[in-house]
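Undergrad: First the structure, then my questions, so here it is.
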Amino acid sequence: MTQLPEKTDRKMGLVIDLDTCVGCHACVVSCKGWNTENYGAPLSDQNPYGADPSGTFLNRIHSYEVQPETGPAQLVHFPKSCLHCEDAPCVTVCPTGASYKRTEDGIVLVNEKDCIGCGLCAWACPYGARELDKAEGVMKKCTLCVDRIYNENLPEEDRVPACVRTCPSNARHFGDLGDPDSDVSQLVAERGGMDLMPELGTKPVNKYLPPRPKDRLNEEIDILAPLLAPVVQEPKGFLGWLDKALEKL
Amino acid sequence: MHPAPSIIAFSTFSGLGLGLLFWLGIDQTPPTGWVAFAFFAIGYALAVGGLVSSTFHLGRPERALKAFTQWQTSWLSREAWAAVAALVTMGLYAFMLVFLNIHLAILGQIGAFFCLVTVYTTSMIYAQLKTVPRWNTGLTSALFIALSVAGGALLSGRVTIGLILILVAGGIQALWWKTGDTRFAKSGTDLKTATGLGSIGTVRAFEPPHTGTNYLVNEMVYTVGRRHALKLRMIAFLLMLVVPVLLLLLPYPHIFGVLALLSHIAGVLVSRWLFFAEAEHVVGLYYGMR
(Lines of atoms letter the chains of each structure in order from A and count residues from 1; the text may use other names and numbers.)
(Lines give C-alpha, C1' and ligand atoms only; values in the text may rest on other atoms or scores of the structure.)
Protein backbone atom coordinates (compact mmCIF):
# COMPACT_ATOMS: atom_id res chain seq x y z
CA MET A 1 0.00 0.00 0.00
CA THR A 2 1.31 3.40 -0.87
CA GLN A 3 -0.41 5.10 2.03
CA LEU A 4 2.24 5.95 4.59
CA PRO A 5 1.72 4.56 8.09
CA GLU A 6 0.60 7.16 10.67
CA LYS A 7 3.52 6.11 12.79
CA THR A 8 5.93 3.22 12.84
CA ASP A 9 6.73 1.09 15.90
CA ARG A 10 10.43 1.67 15.40
CA LYS A 11 12.46 3.90 13.11
CA MET A 12 15.35 1.77 12.02
CA GLY A 13 18.00 3.70 10.17
CA LEU A 14 21.59 4.77 9.79
CA VAL A 15 23.67 7.47 11.37
CA ILE A 16 26.54 8.49 9.10
CA ASP A 17 29.52 10.25 10.57
CA LEU A 18 30.96 12.73 8.07
CA ASP A 19 33.84 13.34 10.44
CA THR A 20 35.24 9.84 10.37
CA CYS A 21 34.31 8.67 6.87
CA VAL A 22 37.56 8.29 4.94
CA GLY A 23 35.93 7.84 1.54
CA CYS A 24 37.27 4.33 0.95
CA HIS A 25 34.06 3.12 -0.79
CA ALA A 26 34.22 -0.22 1.09
CA CYS A 27 30.52 0.20 2.00
CA VAL A 28 29.69 0.63 -1.69
CA VAL A 29 31.38 -2.65 -2.53
CA SER A 30 29.92 -4.60 0.39
CA CYS A 31 26.44 -3.20 -0.34
CA LYS A 32 26.63 -4.23 -3.97
CA GLY A 33 28.07 -7.61 -3.01
CA TRP A 34 25.38 -8.45 -0.47
CA ASN A 35 22.42 -7.05 -2.34
CA THR A 36 23.27 -8.49 -5.72
CA GLU A 37 22.88 -12.03 -4.42
CA ASN A 38 20.19 -11.70 -1.77
CA TYR A 39 16.92 -9.71 -1.54
CA GLY A 40 15.29 -9.21 -4.94
CA ALA A 41 16.79 -8.92 -8.40
CA PRO A 42 20.59 -8.70 -8.76
CA LEU A 43 22.19 -5.28 -9.17
CA SER A 44 23.23 -5.43 -12.80
CA ASP A 45 26.14 -3.73 -14.52
CA GLN A 46 26.09 -2.56 -18.10
CA ASN A 47 29.26 -2.81 -20.12
CA PRO A 48 31.33 -3.31 -16.92
CA TYR A 49 34.67 -3.85 -18.67
CA GLY A 50 34.01 -1.63 -21.67
CA ALA A 51 34.60 2.02 -22.42
CA ASP A 52 31.43 3.30 -20.80
CA PRO A 53 30.64 1.20 -17.73
CA SER A 54 27.57 1.85 -15.57
CA GLY A 55 25.51 -0.10 -13.10
CA THR A 56 22.98 -0.12 -10.31
CA PHE A 57 24.18 0.87 -6.83
CA LEU A 58 22.18 1.42 -3.64
CA ASN A 59 24.90 3.37 -1.93
CA ARG A 60 27.26 5.90 -3.46
CA ILE A 61 29.98 8.09 -1.96
CA HIS A 62 30.35 11.69 -3.04
CA SER A 63 33.19 13.97 -1.99
CA TYR A 64 32.77 17.67 -1.32
CA GLU A 65 35.21 20.47 -0.77
CA VAL A 66 34.14 22.93 1.91
CA GLN A 67 35.95 26.24 2.01
CA PRO A 68 35.57 28.04 5.35
CA GLU A 69 35.94 31.83 5.43
CA THR A 70 39.46 31.48 6.75
CA GLY A 71 41.85 28.59 6.74
CA PRO A 72 42.36 25.71 4.38
CA ALA A 73 39.55 23.91 2.57
CA GLN A 74 38.14 20.70 4.06
CA LEU A 75 37.43 17.54 2.11
CA VAL A 76 34.26 15.76 3.26
CA HIS A 77 33.39 12.29 2.03
CA PHE A 78 29.67 11.88 1.82
CA PRO A 79 28.01 8.44 1.68
CA LYS A 80 24.48 8.57 0.35
CA SER A 81 21.84 5.86 0.36
CA CYS A 82 18.09 5.71 1.10
CA LEU A 83 17.21 7.79 4.18
CA HIS A 84 14.01 5.79 4.88
CA CYS A 85 12.04 9.03 5.22
CA GLU A 86 9.04 9.20 7.55
CA ASP A 87 7.18 11.20 4.91
CA ALA A 88 8.58 9.31 1.95
CA PRO A 89 7.45 10.96 -1.32
CA CYS A 90 8.65 7.94 -3.30
CA VAL A 91 6.02 5.73 -1.66
CA THR A 92 2.91 7.84 -2.23
CA VAL A 93 3.58 8.43 -5.95
CA CYS A 94 3.82 4.69 -6.73
CA PRO A 95 0.83 3.70 -8.89
CA THR A 96 1.00 -0.05 -8.23
CA GLY A 97 1.61 -0.33 -4.49
CA ALA A 98 5.04 -1.85 -5.10
CA SER A 99 6.64 0.78 -2.86
CA TYR A 100 5.73 0.71 0.79
CA LYS A 101 6.92 1.76 4.21
CA ARG A 102 6.80 -0.95 6.87
CA THR A 103 4.79 -0.22 10.00
CA GLU A 104 6.96 -2.36 12.27
CA ASP A 105 10.35 -0.76 11.59
CA GLY A 106 9.86 2.06 9.08
CA ILE A 107 11.96 0.47 6.35
CA VAL A 108 10.98 1.63 2.84
CA LEU A 109 10.92 -1.32 0.46
CA VAL A 110 9.98 -2.19 -3.11
CA ASN A 111 7.98 -5.31 -3.83
CA GLU A 112 9.65 -6.07 -7.14
CA LYS A 113 6.85 -8.35 -8.34
CA ASP A 114 4.50 -5.37 -8.45
CA CYS A 115 6.94 -2.79 -9.85
CA ILE A 116 6.20 -1.67 -13.43
CA GLY A 117 9.42 0.34 -13.69
CA CYS A 118 7.73 3.67 -14.40
CA GLY A 119 10.48 5.53 -12.57
CA LEU A 120 8.19 8.05 -10.90
CA CYS A 121 9.46 7.16 -7.40
CA ALA A 122 13.02 7.94 -8.50
CA TRP A 123 11.78 11.32 -9.72
CA ALA A 124 10.03 11.96 -6.41
CA CYS A 125 13.12 11.18 -4.31
CA PRO A 126 15.30 14.25 -3.74
CA TYR A 127 18.32 12.20 -2.67
CA GLY A 128 18.84 9.97 -5.68
CA ALA A 129 18.31 6.89 -3.53
CA ARG A 130 16.43 4.86 -6.13
CA GLU A 131 17.85 3.45 -9.33
CA LEU A 132 16.02 1.57 -12.05
CA ASP A 133 17.87 -1.63 -12.87
CA LYS A 134 18.50 -1.72 -16.62
CA ALA A 135 18.54 -5.52 -16.85
CA GLU A 136 15.54 -6.24 -14.63
CA GLY A 137 13.39 -3.18 -15.40
CA VAL A 138 12.42 -2.73 -11.75
CA MET A 139 13.32 -0.12 -9.15
CA LYS A 140 16.13 -0.93 -6.74
CA LYS A 141 16.82 0.76 -3.44
CA CYS A 142 18.48 0.24 -0.06
CA THR A 143 16.57 -2.35 1.99
CA LEU A 144 18.54 -1.54 5.16
CA CYS A 145 19.67 -5.14 4.59
CA VAL A 146 16.32 -6.41 5.80
CA ASP A 147 17.59 -9.91 5.03
CA ARG A 148 20.54 -9.52 7.44
CA ILE A 149 19.24 -7.56 10.40
CA TYR A 150 16.61 -10.15 11.42
CA ASN A 151 18.50 -13.17 10.06
CA GLU A 152 19.04 -15.66 12.85
CA ASN A 153 21.21 -17.82 10.61
CA LEU A 154 23.89 -15.17 10.82
CA PRO A 155 26.17 -14.64 13.84
CA GLU A 156 24.81 -11.80 15.95
CA GLU A 157 27.55 -9.33 15.02
CA ASP A 158 26.58 -9.71 11.37
CA ARG A 159 22.93 -8.73 11.94
CA VAL A 160 23.52 -5.16 10.79
CA PRO A 161 23.45 -3.71 7.28
CA ALA A 162 26.41 -4.80 5.14
CA CYS A 163 27.68 -1.22 4.85
CA VAL A 164 27.75 -0.81 8.64
CA ARG A 165 29.44 -4.17 9.16
CA THR A 166 32.18 -3.43 6.67
CA CYS A 167 33.01 0.21 7.46
CA PRO A 168 36.66 0.23 8.61
CA SER A 169 36.43 3.66 10.25
CA ASN A 170 33.14 3.12 12.11
CA ALA A 171 31.52 5.98 10.24
CA ARG A 172 28.21 4.15 9.91
CA HIS A 173 25.93 3.26 12.79
CA PHE A 174 22.69 1.30 12.74
CA GLY A 175 19.84 1.39 15.23
CA ASP A 176 16.38 2.59 16.23
CA LEU A 177 16.18 6.34 15.80
CA GLY A 178 12.66 6.35 17.21
CA ASP A 179 13.96 5.34 20.65
CA PRO A 180 15.55 8.37 22.32
CA ASP A 181 17.64 6.11 24.56
CA SER A 182 19.23 4.09 21.77
CA ASP A 183 22.93 4.47 21.04
CA VAL A 184 22.25 6.03 17.66
CA SER A 185 19.76 8.57 19.06
CA GLN A 186 22.24 9.59 21.73
CA LEU A 187 24.96 9.92 19.14
CA VAL A 188 22.70 12.18 17.09
CA ALA A 189 21.85 14.30 20.14
CA GLU A 190 25.50 14.57 21.18
CA ARG A 191 26.93 15.44 17.79
CA GLY A 192 24.11 17.57 16.37
CA GLY A 193 22.95 15.07 13.75
CA MET A 194 21.22 16.70 10.82
CA ASP A 195 18.68 16.03 8.06
CA LEU A 196 19.48 16.43 4.38
CA MET A 197 17.26 18.93 2.52
CA PRO A 198 14.98 19.44 5.56
CA GLU A 199 13.04 22.11 3.61
CA LEU A 200 11.48 19.42 1.42
CA GLY A 201 9.58 17.97 4.39
CA THR A 202 10.58 14.36 3.82
CA LYS A 203 11.58 13.86 7.48
CA PRO A 204 14.50 11.50 6.85
CA VAL A 205 15.15 8.83 9.49
CA ASN A 206 18.86 8.59 8.63
CA LYS A 207 20.94 11.34 10.19
CA TYR A 208 24.30 12.80 9.24
CA LEU A 209 26.85 13.88 11.86
CA PRO A 210 28.65 17.04 10.75
CA PRO A 211 32.46 17.09 10.71
CA ARG A 212 33.95 18.15 14.05
CA PRO A 213 35.72 21.53 14.06
CA LYS A 214 39.23 21.12 12.70
CA ASP A 215 42.27 21.66 14.87
CA ARG A 216 43.95 24.91 13.99
CA LEU A 217 47.59 25.92 14.23
CA ASN A 218 48.02 28.65 16.80
CA GLU A 219 46.99 31.50 14.62
CA GLU A 220 47.22 34.25 17.24
CA ILE A 221 49.48 36.92 15.84
CA ASP A 222 51.53 39.12 18.16
CA ILE A 223 50.49 42.77 17.81
CA LEU A 224 54.18 43.61 17.75
CA ALA A 225 54.76 41.33 14.76
CA PRO A 226 55.32 44.13 12.23
CA LEU A 227 58.09 45.51 14.44
CA LEU A 228 59.95 42.26 14.82
CA ALA A 229 62.99 41.46 12.76
CA PRO A 230 62.17 39.68 9.51
CA VAL A 231 62.60 35.96 9.72
CA VAL A 232 64.18 35.68 6.30
CA GLN A 233 67.79 36.66 6.63
CA GLU A 234 69.98 38.20 4.00
CA PRO A 235 72.46 35.68 2.64
CA LYS A 236 76.11 36.25 3.44
CA GLY A 237 79.46 35.32 1.91
CA PHE A 238 79.49 33.80 -1.56
CA LEU A 239 75.67 33.50 -1.71
CA GLY A 240 75.41 37.16 -0.69
CA TRP A 241 77.76 38.18 -3.48
CA LEU A 242 75.87 36.00 -5.99
CA ASP A 243 72.54 37.47 -4.90
CA LYS A 244 73.79 41.03 -5.36
CA ALA A 245 75.50 40.24 -8.66
CA LEU A 246 72.36 38.67 -10.10
CA GLU A 247 70.28 41.55 -8.83
CA LYS A 248 72.44 44.01 -10.78
CA LEU A 249 72.15 42.20 -14.09
CA MET B 1 14.91 15.66 -16.74
CA HIS B 2 15.47 13.25 -19.58
CA PRO B 3 13.02 14.05 -22.41
CA ALA B 4 11.84 10.53 -23.27
CA PRO B 5 10.16 10.62 -26.70
CA SER B 6 7.43 8.23 -25.52
CA ILE B 7 6.41 10.56 -22.69
CA ILE B 8 6.52 13.66 -24.89
CA ALA B 9 4.37 11.95 -27.52
CA PHE B 10 2.02 10.57 -24.88
CA SER B 11 1.36 13.84 -23.07
CA THR B 12 1.06 15.89 -26.27
CA PHE B 13 -1.16 13.58 -28.31
CA SER B 14 -3.33 12.29 -25.49
CA GLY B 15 -3.85 15.92 -24.42
CA LEU B 16 -4.86 16.82 -27.96
CA GLY B 17 -7.18 13.83 -28.35
CA LEU B 18 -8.85 14.41 -24.99
CA GLY B 19 -9.21 18.09 -25.93
CA LEU B 20 -11.06 17.08 -29.10
CA LEU B 21 -13.28 14.66 -27.18
CA PHE B 22 -14.01 17.44 -24.68
CA TRP B 23 -15.38 19.71 -27.42
CA LEU B 24 -17.37 16.86 -28.97
CA GLY B 25 -18.83 16.12 -25.56
CA ILE B 26 -20.08 19.62 -24.83
CA ASP B 27 -21.26 20.31 -28.40
CA GLN B 28 -24.96 21.29 -28.41
CA THR B 29 -25.34 20.22 -32.05
CA PRO B 30 -22.78 17.45 -32.41
CA PRO B 31 -22.06 15.71 -35.70
CA THR B 32 -23.85 12.41 -36.26
CA GLY B 33 -23.35 9.38 -38.46
CA TRP B 34 -20.08 9.01 -40.39
CA VAL B 35 -18.92 12.59 -39.72
CA ALA B 36 -19.20 11.90 -36.02
CA PHE B 37 -17.42 8.58 -36.56
CA ALA B 38 -14.49 10.37 -38.22
CA PHE B 39 -14.21 12.95 -35.43
CA PHE B 40 -14.39 10.39 -32.63
CA ALA B 41 -11.96 8.09 -34.44
CA ILE B 42 -9.38 10.89 -34.57
CA GLY B 43 -9.98 11.73 -30.90
CA TYR B 44 -9.62 8.10 -29.83
CA ALA B 45 -6.60 7.46 -32.05
CA LEU B 46 -4.78 10.37 -30.44
CA ALA B 47 -5.90 9.73 -26.85
CA VAL B 48 -5.45 5.96 -26.89
CA GLY B 49 -2.32 6.13 -29.02
CA GLY B 50 -0.82 8.55 -26.53
CA LEU B 51 -1.77 6.40 -23.56
CA VAL B 52 -0.35 3.27 -25.21
CA SER B 53 2.91 5.05 -26.05
CA SER B 54 3.25 5.98 -22.37
CA THR B 55 3.69 2.29 -21.56
CA PHE B 56 6.77 2.13 -23.81
CA HIS B 57 8.98 3.76 -21.21
CA LEU B 58 8.02 1.26 -18.51
CA GLY B 59 10.62 -1.24 -17.36
CA ARG B 60 7.87 -3.88 -17.01
CA PRO B 61 4.98 -2.90 -19.33
CA GLU B 62 3.33 -6.32 -18.93
CA ARG B 63 2.35 -5.33 -15.38
CA ALA B 64 0.84 -1.98 -16.41
CA LEU B 65 -2.64 -2.95 -15.17
CA LYS B 66 -1.38 -2.90 -11.58
CA ALA B 67 -1.20 0.88 -11.94
CA PHE B 68 -4.96 1.03 -11.27
CA THR B 69 -4.62 -0.01 -7.65
CA GLN B 70 -3.19 3.00 -5.79
CA TRP B 71 -5.61 5.79 -6.72
CA GLN B 72 -5.79 6.94 -3.09
CA THR B 73 -2.29 8.42 -3.13
CA SER B 74 -0.85 8.25 -6.64
CA TRP B 75 -1.61 10.74 -9.40
CA LEU B 76 -0.36 8.24 -11.95
CA SER B 77 -2.95 5.74 -10.75
CA ARG B 78 -5.67 8.41 -10.72
CA GLU B 79 -4.72 9.26 -14.30
CA ALA B 80 -5.30 5.65 -15.31
CA TRP B 81 -8.78 5.69 -13.77
CA ALA B 82 -9.69 9.10 -15.19
CA ALA B 83 -8.58 8.01 -18.66
CA VAL B 84 -10.72 4.87 -18.51
CA ALA B 85 -13.71 6.86 -17.22
CA ALA B 86 -13.31 9.44 -20.00
CA LEU B 87 -12.83 6.91 -22.79
CA VAL B 88 -15.69 4.65 -21.67
CA THR B 89 -18.17 7.51 -21.19
CA MET B 90 -17.23 9.18 -24.45
CA GLY B 91 -17.29 5.79 -26.19
CA LEU B 92 -20.88 5.24 -25.14
CA TYR B 93 -21.79 8.79 -26.15
CA ALA B 94 -20.07 8.33 -29.53
CA PHE B 95 -21.74 4.96 -30.14
CA MET B 96 -25.18 6.49 -29.63
CA LEU B 97 -24.38 9.45 -31.91
CA VAL B 98 -22.80 7.42 -34.69
CA PHE B 99 -24.99 4.34 -34.85
CA LEU B 100 -28.27 5.25 -33.14
CA ASN B 101 -28.41 8.95 -34.03
CA ILE B 102 -29.23 9.76 -30.38
CA HIS B 103 -27.70 12.81 -28.72
CA LEU B 104 -27.60 12.27 -24.97
CA ALA B 105 -26.21 15.67 -23.93
CA ILE B 106 -25.68 14.84 -20.26
CA LEU B 107 -23.54 11.81 -21.12
CA GLY B 108 -21.39 13.96 -23.38
CA GLN B 109 -20.96 16.55 -20.65
CA ILE B 110 -19.93 13.91 -18.12
CA GLY B 111 -17.46 12.50 -20.66
CA ALA B 112 -16.10 15.99 -21.38
CA PHE B 113 -15.61 16.52 -17.64
CA PHE B 114 -13.63 13.27 -17.35
CA CYS B 115 -11.50 14.33 -20.34
CA LEU B 116 -10.44 17.48 -18.49
CA VAL B 117 -9.91 15.51 -15.27
CA THR B 118 -7.61 13.15 -17.18
CA VAL B 119 -5.49 16.02 -18.50
CA TYR B 120 -5.40 17.48 -14.98
CA THR B 121 -4.21 14.19 -13.46
CA THR B 122 -1.49 13.98 -16.14
CA SER B 123 -0.31 17.47 -15.23
CA MET B 124 -0.34 16.63 -11.51
CA ILE B 125 2.12 13.76 -12.04
CA TYR B 126 4.65 16.51 -12.77
CA ALA B 127 3.25 19.39 -10.73
CA GLN B 128 3.29 17.36 -7.49
CA LEU B 129 7.07 16.85 -7.55
CA LYS B 130 8.82 19.11 -5.06
CA THR B 131 12.07 17.68 -6.39
CA VAL B 132 11.59 19.51 -9.70
CA PRO B 133 10.87 23.12 -8.72
CA ARG B 134 10.17 24.20 -12.30
CA TRP B 135 7.19 21.83 -12.43
CA ASN B 136 6.02 22.25 -8.85
CA THR B 137 3.33 24.88 -9.50
CA GLY B 138 -0.37 25.16 -10.29
CA LEU B 139 0.63 26.84 -13.55
CA THR B 140 1.73 23.44 -14.86
CA SER B 141 -1.85 22.16 -14.66
CA ALA B 142 -3.18 25.38 -16.20
CA LEU B 143 -0.72 24.99 -19.07
CA PHE B 144 -1.60 21.36 -19.79
CA ILE B 145 -5.35 22.01 -19.71
CA ALA B 146 -5.11 25.20 -21.80
CA LEU B 147 -3.01 23.45 -24.47
CA SER B 148 -5.39 20.51 -24.50
CA VAL B 149 -8.59 22.51 -25.02
CA ALA B 150 -6.87 24.90 -27.46
CA GLY B 151 -5.58 22.04 -29.61
CA GLY B 152 -8.92 20.26 -29.32
CA ALA B 153 -10.75 23.39 -30.49
CA LEU B 154 -8.49 23.67 -33.55
CA LEU B 155 -8.88 19.97 -34.26
CA SER B 156 -12.67 20.19 -34.09
CA GLY B 157 -12.69 23.14 -36.51
CA ARG B 158 -13.69 25.85 -34.01
CA VAL B 159 -11.82 28.80 -35.49
CA THR B 160 -12.82 31.71 -33.24
CA ILE B 161 -12.71 29.94 -29.91
CA GLY B 162 -9.56 28.10 -31.02
CA LEU B 163 -7.91 31.43 -31.81
CA ILE B 164 -8.75 32.82 -28.38
CA LEU B 165 -7.65 29.66 -26.61
CA ILE B 166 -4.24 29.41 -28.29
CA LEU B 167 -3.64 33.02 -27.26
CA VAL B 168 -4.59 32.13 -23.67
CA ALA B 169 -2.42 28.98 -23.75
CA GLY B 170 0.46 31.02 -25.20
CA GLY B 171 0.11 33.53 -22.37
CA ILE B 172 0.23 30.78 -19.74
CA GLN B 173 3.19 29.21 -21.51
CA ALA B 174 5.12 32.50 -21.46
CA LEU B 175 4.31 33.01 -17.78
CA TRP B 176 5.30 29.41 -16.99
CA TRP B 177 8.67 29.91 -18.67
CA LYS B 178 9.30 33.24 -17.01
CA THR B 179 8.43 32.17 -13.47
CA GLY B 180 10.03 28.75 -14.01
CA ASP B 181 13.47 30.24 -14.56
CA THR B 182 13.69 31.46 -10.98
CA ARG B 183 11.73 28.76 -9.19
CA PHE B 184 14.74 26.54 -8.43
CA ALA B 185 16.58 29.39 -6.74
CA LYS B 186 13.43 30.39 -4.84
CA SER B 187 12.84 26.83 -3.62
CA GLY B 188 15.67 27.30 -1.13
CA THR B 189 17.27 23.96 -1.94
CA ASP B 190 20.95 24.18 -2.78
CA LEU B 191 24.17 22.26 -2.18
CA LYS B 192 24.28 23.69 1.35
CA THR B 193 20.96 22.17 2.41
CA ALA B 194 21.64 19.04 0.35
CA THR B 195 24.85 18.27 2.23
CA GLY B 196 24.15 20.12 5.49
CA LEU B 197 27.72 21.43 5.25
CA GLY B 198 26.78 25.05 4.55
CA SER B 199 27.45 26.10 8.15
CA ILE B 200 31.17 25.39 7.69
CA GLY B 201 31.71 27.28 4.47
CA THR B 202 31.19 27.24 0.72
CA VAL B 203 30.45 23.73 -0.53
CA ARG B 204 31.71 22.52 -3.89
CA ALA B 205 31.27 19.10 -5.46
CA PHE B 206 34.82 17.79 -5.54
CA GLU B 207 34.56 14.24 -6.76
CA PRO B 208 31.54 12.31 -8.02
CA PRO B 209 30.99 8.76 -6.73
CA HIS B 210 32.31 7.19 -9.95
CA THR B 211 33.98 8.14 -13.18
CA GLY B 212 31.20 6.89 -15.44
CA THR B 213 27.58 7.87 -15.73
CA ASN B 214 24.58 6.37 -13.95
CA TYR B 215 20.80 6.10 -14.06
CA LEU B 216 20.30 9.17 -11.87
CA VAL B 217 22.46 11.44 -13.98
CA ASN B 218 21.01 10.18 -17.26
CA GLU B 219 17.44 10.45 -16.05
CA MET B 220 17.50 13.60 -13.95
CA VAL B 221 20.48 15.74 -14.88
CA TYR B 222 19.81 16.27 -18.57
CA THR B 223 21.93 19.28 -19.44
CA VAL B 224 22.44 18.74 -23.17
CA GLY B 225 19.29 20.46 -24.39
CA ARG B 226 19.48 23.52 -22.17
CA ARG B 227 22.16 25.16 -24.30
CA HIS B 228 19.70 26.11 -27.01
CA ALA B 229 16.72 26.46 -24.71
CA LEU B 230 16.08 30.11 -25.49
CA LYS B 231 16.11 29.55 -29.27
CA LEU B 232 13.85 26.54 -28.88
CA ARG B 233 11.42 28.58 -26.80
CA MET B 234 11.20 31.10 -29.63
CA ILE B 235 10.63 28.31 -32.15
CA ALA B 236 7.97 26.71 -29.93
CA PHE B 237 6.22 30.02 -29.42
CA LEU B 238 6.24 30.86 -33.12
CA LEU B 239 4.88 27.44 -34.11
CA MET B 240 2.27 27.03 -31.39
CA LEU B 241 0.99 30.59 -31.32
CA VAL B 242 2.15 33.15 -33.90
CA VAL B 243 1.92 31.05 -37.07
CA PRO B 244 -1.49 29.46 -36.24
CA VAL B 245 -3.00 32.83 -35.31
CA LEU B 246 -1.87 34.39 -38.61
CA LEU B 247 -3.12 31.38 -40.58
CA LEU B 248 -6.49 31.40 -38.85
CA LEU B 249 -6.99 35.07 -39.65
CA LEU B 250 -6.69 34.26 -43.36
CA PRO B 251 -9.75 33.28 -45.43
CA TYR B 252 -10.35 29.64 -46.47
CA PRO B 253 -10.25 28.24 -42.88
CA HIS B 254 -10.36 24.66 -44.17
CA ILE B 255 -6.96 24.73 -45.88
CA PHE B 256 -5.22 27.16 -43.57
CA GLY B 257 -6.94 25.65 -40.54
CA VAL B 258 -5.17 22.34 -41.17
CA LEU B 259 -1.84 24.13 -41.54
CA ALA B 260 -2.53 26.12 -38.37
CA LEU B 261 -3.29 22.89 -36.51
CA LEU B 262 -0.12 21.16 -37.75
CA SER B 263 1.99 24.16 -36.82
CA HIS B 264 0.38 24.30 -33.39
CA ILE B 265 1.04 20.61 -32.74
CA ALA B 266 4.67 20.98 -33.83
CA GLY B 267 5.02 23.94 -31.46
CA VAL B 268 3.49 22.02 -28.56
CA LEU B 269 5.88 19.11 -29.20
CA VAL B 270 8.86 21.48 -29.02
CA SER B 271 7.44 23.08 -25.89
CA ARG B 272 6.86 19.66 -24.31
CA TRP B 273 10.43 18.63 -25.15
CA LEU B 274 11.64 21.76 -23.35
CA PHE B 275 9.27 20.99 -20.47
CA PHE B 276 11.46 17.98 -19.69
CA ALA B 277 14.85 19.06 -21.00
CA GLU B 278 14.85 22.33 -19.07
CA ALA B 279 13.54 20.89 -15.80
CA GLU B 280 16.23 20.60 -13.13
CA HIS B 281 15.95 17.90 -10.46
CA VAL B 282 17.42 18.68 -7.02
CA VAL B 283 19.47 15.46 -7.10
CA GLY B 284 21.68 17.21 -9.67
CA LEU B 285 23.04 19.29 -6.78
CA TYR B 286 24.78 16.24 -5.32
CA TYR B 287 26.62 15.86 -8.60
CA GLY B 288 27.55 19.53 -8.76
CA MET B 289 25.15 20.06 -11.64
CA ARG B 290 21.63 21.20 -12.14
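Note: Cβ is positioned from N, Cα and C throughout, glycine not excepted.
Residues annotated as transmembrane segment in TrEMBL: B:7-26, B:32-59, B:80-100, B:106-126, B:138-155, B:161-177, B:230-249, B:255-275.
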Undergrad: Hey, would you say the transmembrane segment (B:106-126) packs against the transmembrane segment (B:7-26), going by three or more CB pairs under 8 A that are 6+ residues apart?
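TA: Result for the transmembrane segment (B:106-126) with the transmembrane segment (B:7-26) is yes.
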Undergrad: With Cβ-Cβ distances below 8 Å as the criterion, list the same-chain residues six or more beyond the ends of the transmembrane segment (B:7-26) that contact it, or say none.
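TA: For the transmembrane segment (B:7-26), the far contacts come to 36, 39-40, 42-51, 53-54, 57, 83, 86, 90, 93-94, 108-113, 115-116, 118-119, 122, 144, 147-153, 155-156, 158, 265, 268-269, 272-273, 276.
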Undergrad: Would the transmembrane segment (B:161-177) and the transmembrane segment (B:80-100) count as touching if the test is at least 3 Cβ pairs under 8 Å, pairs 6 or more apart?
TA: no
